[in-house]
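According to TrEMBL, the protein carries these features:
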DOMAIN    21-417  domain 'Major facilitator superfamily (MFS) profile'
TRANSMEM  21-45  transmembrane segment
TRANSMEM  57-81  transmembrane segment
TRANSMEM  93-114  transmembrane segment
TRANSMEM  120-144  transmembrane segment
TRANSMEM  151-169  transmembrane segment
TRANSMEM  181-201  transmembrane segment
TRANSMEM  231-249  transmembrane segment
TRANSMEM  297-317  transmembrane segment
TRANSMEM  323-343  transmembrane segment
TRANSMEM  355-380  transmembrane segment
TRANSMEM  392-413  transmembrane segment
Amino acid sequence: MDEKPAPPPVPITFPDGGLRAWLQVVVGFFLMLNTWGLINCFGVFETYYTTTLSPPLAATFSVAWIGSLQLFLLLFVGAFCGQAFDAGWTTPLAVTGSLLCIVGMLCTSFSHLFWQTLLAQGICTGLGMGLLFVPSVTLAATYFQRYRARALGVVTTGASVGGIIYPIALRQLTAEVGFAWAVRAITLVILVTLSISCLLIQPRTDLPRPKKYTLISTIKNARIHFTQPSFTIYLVSMFFMFLGLLVPYNYLEEWITDMEIDMGRFPTAYILSLMNAAGVLGRLIPSVLSDLAISPILVQAFSVLACGILNLCWLRLHSAAGVLVWAIFYGFFSGASVSLPPASMAKQTADLSTLGVRMGLMFTVASFGSLISYPVVAALLKSAAGWDAARVWAGVVLFVGGVGMGWMGWVVYKVKD
């Protein structure tokens, strides 16, 4: 008796809207609020540690490792979380990551020594962020196709919103009730928003799943993806982007203080919130442009190049007006630079069932750039060139990353299409 032929695979459809789809955007927004939102306000923690506590925590180089380790872990665990996301483990990732973030921040409020803060804020919170990050940027991508960049733009505005409210809240509460209780209040906000995400999360169950999830399969999948030149070029460009992109977020406030720039009526402590406010528009407007006509990779390349040029222009800043205008422009283009990678990767991924692992590999490679970024800048600040060396470094590595993305997007990606 002849066997019946296997039915053809059911084509993947995208809701591109509806209550369930937009609820996943809300989920991603809150996850992003408590991952990149906290990363974007680390400058406030750094200022407090270096001006209030005693060595070695007060040393700029030591504090730089806390921030770098946190960002490194957020990105590094991406490859493993990406594979887990593809295997359907989205909800366990969200719940476990939420618990680690809450415990890590709560322990930070009780930390008084360098090693305690490194373990609590750097490692525990960093691991929690890493478990949350891939679901935050990948979940909504599985519900949208035509408006994918737009939906992911809304998701990534959570990072800017966190970068606006967390620094202001942390500073105001520290002045009123002390640093420890200020961090505990922030932790309460994290608890509420992450609980909402865990309750609303609804990963798609109709997507094809990988046959197995093992370390060997992860390595094999990675080798397959790295044989694609466009994929490899894009990942190397992301490495260079993360070498320099967040330097102003961590050091602009310190530079203003060191240079004794009179900011007039604008409080220097709010410069970080201003950059993140501009980042809201930077995450939304380029995302809309990417959906309409322009490749998200090319829009991202332009944004990264703009950030590189702005870092070099930073060398010529001497007035409050110049600093404020510069901060707005940098916030806008840096917001676009970090919001478009998920849409860029989704655009160049033909098989959506591998989106999670490809996204994870992308951020894992980028994590090594973030790991050495802050310590390199801290070391440059000790050199004779000081701030000039740090700003030139950030500008050059961003320019290299932008050129790589532009070349890949225009030559390789366009020819492929």
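Even glycines carry a Cβ here, placed using N, Cα and C.
Contact between the transmembrane segment (392-413) and the transmembrane segment (93-114) is not supported: fewer than 3 Cβ pairs lie under 8 Å, counting only residues 6 or more apart in sequence. Counting residues 6+ beyond its ends, the transmembrane segment (120-144) has Cβ neighbours under 8 Å at 14-17, 20-21, 24-25, 27-28, 31-32, 34-36, 38-39, 45, 65-67, 69-78, 81-82, 85, 90, 93-94, 96-105, 107-108, 110-111, 150-152, 155-156, 158, 194, 201, 203-204, 207, 341-343, 346, 352, 355-356, 359-360, 363 in the same chain. Counting only same-chain residues 6+ beyond the ends of the transmembrane segment (355-380), those with a CB under 8 A from a CB of the stretch are 60-61, 64-65, 67-69, 71-86, 133-134, 137-138, 141-142, 218, 221-222, 225-226, 231, 234-236, 238-244, 246-247, 250-251, 341-342, 345-346, 349, 386, 389-390, 393-394. Ranking 21-45, 93-114, 181-201, 231-249, 323-343 by CB pairs under 8 A with the transmembrane segment (151-169) puts 21-45 at the top.
Take the transmembrane segment (21-45) and the stretches 93-114, 181-201, 231-249, 323-343: counting Cβ pairs under 8 Å, 181-201 has the most.
Residues 39-40, 42-43, 71, 75, 163, 225, 272, 275, 297, 301, 304, 307-308, 311, 314, 327, 330, 334, 337-338, 341, 344-345, 348, 358, 361-363, 365-370, 372-374, 376-377, 390-391, 393-398, 400-402, 404-405, 407-408, 412 of the same chain sit 6 or more residues outside the transmembrane segment (231-249) yet have a Cβ under 8 Å from a Cβ within it. Mean per-residue pLDDT, taken over the domain 'Major facilitator superfamily (MFS) profile' (21-417), amounts to 85.
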